[in-house]
Amino acid sequence: MSSSPPAGTRLPDRADAARYLILTVVFICSACGLVYELELVALASYLIGDSVTQASVVLSVMVFAMGLGSLAAKRLRLRAAFGFGLLEAGLALLGGCSALVLYAAFAWMGEARYALVGFSLAIGMLIGAEIPLLMTLIQRFSRQEADGTVADLFAADYVGALIGGLAFPFLLLPWLGQLTGALLTGAVNAVAGGALVLTLFGRDLTPRSRWVLLTVNVLVLATLATAAVLVDDFERAARRAVYGTGVRVAVHTDVQEVVLTGGRDGPLELYLDGRLRVSGRDEFRYHEALVHPAMRGPHARVLILGGGDGLAAREVLRYGDVRAASPSP
């Protein structure tokens, strides 16, 4: 039994209000989709390194997958409302949990590349299927020709992508962090998609279809909420898996993650974005060899280039006649 009437059927609702509601959901879903994309790029660059390669992999795989998703959406056009509701629930779950799973794969398996490609492919396919289904749904309420409807859909899609692209670095990352930000985005995505289908197209659905969509969305939101509650415990466990039990300080700055481990019974080690930068076992070999030969000349005022860790400044300040030592910004 079909869960929605044929695509040509018009529902007896106020057409303009329904059309604007659909465009609003297009805007929200587009913003969420770009956040998922940027989240994968940012986390992969942090975990794996080589940000240019990671961005290229994520973007190319997702664009390819969007094409596959558009083709796959043809099979759902006669059940567009039900299909779109399930699609958005799946996208919310995958996109919201992608950062957690990627981080877990790196922490406990030591390899995140396969998870990165898998999420890029799956999320890209779901994003690609959105517009064909939304096009089918909005045409039931649109008084315009098809080309005008397409223009409206893509305008809402592109503006949503702009907002999502700006919200990720300026709002989500500074205020919530990568993991919680992705989970919140997934929740917004699930609410937007589920609310559109269950309110505007509820009469299209059979009682069984409505029950399935409602249950799936509740389960997705419950999963995302549970993950958000446990995200701090997850991060601590993942850090222990990566750095061991000796984590003393872990700080997220606007630029990078700084982790300091060791001490007491062992040497201190400084990690920036998951990579060892300074180890107390051998750092003196580098800093003493670089600093002390240069200090044989005049050294009343010393400019230190690239010494943000302060270790070169420590060696410079061993000289009592130094009046000023300035690390470069």
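Just so it is clear, glycine is given a Cβ too, placed from its N, Cα and C backbone atoms.
Features reported for this protein in TrEMBL:
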type	residues	note
TRANSMEM	20-48	transmembrane segment
TRANSMEM	54-73	transmembrane segment
TRANSMEM	85-108	transmembrane segment
TRANSMEM	114-138	transmembrane segment
TRANSMEM	150-173	transmembrane segment
TRANSMEM	179-199	transmembrane segment
TRANSMEM	211-231	transmembrane segment
DOMAIN	228-329	domain 'PABS'
The domain 'PABS' (228-329) [mean pLDDT, rounded to integer]: 80
Residues from the same chain, set at least six apart from the ends of the transmembrane segment (211-231), whose C-beta lies under 8 A from its own: 82, 85-86, 89, 92-93, 96-97, 100, 179-180, 183-184, 186-187, 190-191, 193-194, 197-198, 205
Long-range neighbours of the transmembrane segment (20-48), counting only residues six or more past its ends (CB under 8 A): 54-55, 57-59, 62, 88, 91-92, 94-95, 98-99, 102-103, 106, 112-113, 116, 119-120, 123, 127, 130-131, 134, 137-138, 141, 152-153, 156-161, 163-165, 167-169, 172-173, 178, 181-182, 185-186, 188-189, 192-193, 195-196, 200, 257, 273-274
Long-range environment of the transmembrane segment (114-138) - Cβ separation under 8 angstroms, sequence gap at least 6: 7, 19, 22-23, 25-26, 29, 33, 36-37, 40, 44, 48, 54, 57-58, 61-70, 72-74, 76-77, 80-81, 83-84, 87-88, 90-91, 94-95, 98, 101-102, 105, 149-150, 152-154, 157, 201
Among the ranges 54-73, 150-173, 179-199, the one whose Cβ pairs under 8 Å to the transmembrane segment (85-108) are most numerous: 179-199
DSSP-derived helix, strand and coil totals, residue by residue, for the domain 'PABS' (228-329): 34 helix, 33 strand, 35 coil
